[in-house]
Amino acid sequence: MGRPAPRGSPDSAPPTKGMTGARTAWWVWCVQVATFVVSAVCVTGLLVLASVFRARFPCFYATASSYAGVNSTAEVRGGVAVPLRLDTQSLVGTYVITAVLLLAVAVYAVVGAVTSRYDRALDAGRRLAAARMAMPHATLIAGNVCSWLLQITVLLLAHRISQLAHLVYVLHFACLVYFAAHFCTRGVLSGTYLRQVHGLMELAPTHHRVVGPARAVLTNALLLGVFLCTADAAVSLNTIAAFNFNFSAPGMLICLTVLFAILVVSLLLVVEGVLCHYVRVLVGPHLGAVAATGIVGLACEHYYTNGYYVVETQWPGAQTGVRVALALVAAFALGMAVLRCTRAYLYHRRHHTKFFMRMRDTRHRAHSALKRVRSSMRGSRDGRHRPAPGSPPGIPEYAEDPYAISYGGQLDRYGDSDGEPIYDEVADDQTDVLYAKIQHPRHLPDDDPIYDTVGGYDPEPAEDPVYSTVRRW
């Protein structure tokens, strides 16, 4: 006799070996989500405690960029330079942003676990497949490792073990890059990814909104944090190199700039070449790259200001080259952002996606609102010139026209006041001509015609005079 099937199964067959494996994988996935949530909460709480008990975290919250005790004379003569460090605000800000993003991804994983059960009759295997679309096992493992490595970095800095802390942070950065890339791709091809996401539109709309639009927004935020961490990663690599090799002060600046440029350019090419096929609209990486460029530039300027004489003595003009290189990195990031937005727009317009339709509707609504605002402003300006209620009407504008005709007994341009338009005097036939002559008689002189006063002129009568039709004056 077999054990009865669990409630909600599509058939009453006993559980097979495949169903048992699916249930085990489902519970393993749930445990991974729980551990990821705990690790994200722990790293966030550690940063909060470090901000409260600053005396217990001296190297983490102290002013790390103080180079006052450095012997500049030895450096000028060719001694080993002091490693370049970030200021406290940049270091702590980067760590806090990373912890907040990890916590947001943990919350997203919990929401994905809840929405994965889009049908009550869903078995463990299908629910596990839906949950993996939110976050696979490898992504959860990478997220756990990122959180714990960041906590170890903070604790090592608190105990002033600087070299080991920088090494652990480099490992944390590498794990964070893998975590963000795997979160974006889920470890599948882009065609498979799109088919799986689009297949949930009709089957599970709520879960589709989680693994579709919400995932795209979170991917942008996570990649922004990754590119923001490139500044700390470059400084950590530069510090490790300074501990193992003899660098001068200009060499320290140049090494940091080269490492940072390599990291940013490489990651931007990966975003444009691989990740853009999964999420078309990606603006977070480029914003993070520009912000990281500012962080590195600020650290270089602070280092150059404190060691001005050393840098200018050993390598004059090195800081100018560093500034130009950082400016080129920022310009490259902005250019890639423009390219990404252009390609995303062309893709959505070519395929007529819902995102493009919504953007077009938003643009039309914005234009309509702008037109309404302009018309209301124009109406308010016209209302200022309108007469107040109860005031006598003003003279119309056409009354000043010299060719205007007034009716109703008013004077026209000829001074007539008979109340009829002037064009009524134009006759159409002989009867109207005669009536017009009687109504408006003309006083003609009774004198002789003008031709009689011309001396010596006596016109001879003709049988058919030419001027017989001309009225005699």
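Using the three backbone atoms N, Cα and C, a Cβ is placed for every residue, glycine included.
Model, not experiment: these values are computed from the prediction.
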Does Swiss-Prot give Met135 and Tyr303 the same topological domain, putting them on the same side of the membrane? no
Give the nonlocal contacts of the transmembrane segment (91-111) in its own chain as ranges (CB under 8 Å, at least six residues past its ends). 33, 36-37, 39-41, 43-44, 47, 51, 60-61, 64, 134-135, 140, 143, 146-147, 150, 153-154, 176, 183, 210, 214-215, 218, 221-222, 225, 228-229, 231-232, 295
Pairs of Cβ atoms less than 8 Å apart decide it: which stretch in 33-53, 138-158, 251-271, 281-301, 319-339 has the most with the transmembrane segment (217-237)? 281-301
Of the listed stretches (33-53, 281-301, 319-339), which one yields the highest count of Cβ-Cβ distances below 8 Å with the transmembrane segment (251-271)? 319-339
At a C-beta cut-off of under 8 Å, are there same-chain residues at least 6 beyond the topological domain 'Virion surface' (238-250) that contact it? List them, or none. 75, 78, 80-85, 162-163, 166-167, 170, 256, 259, 303, 307, 310-311, 314-315, 318
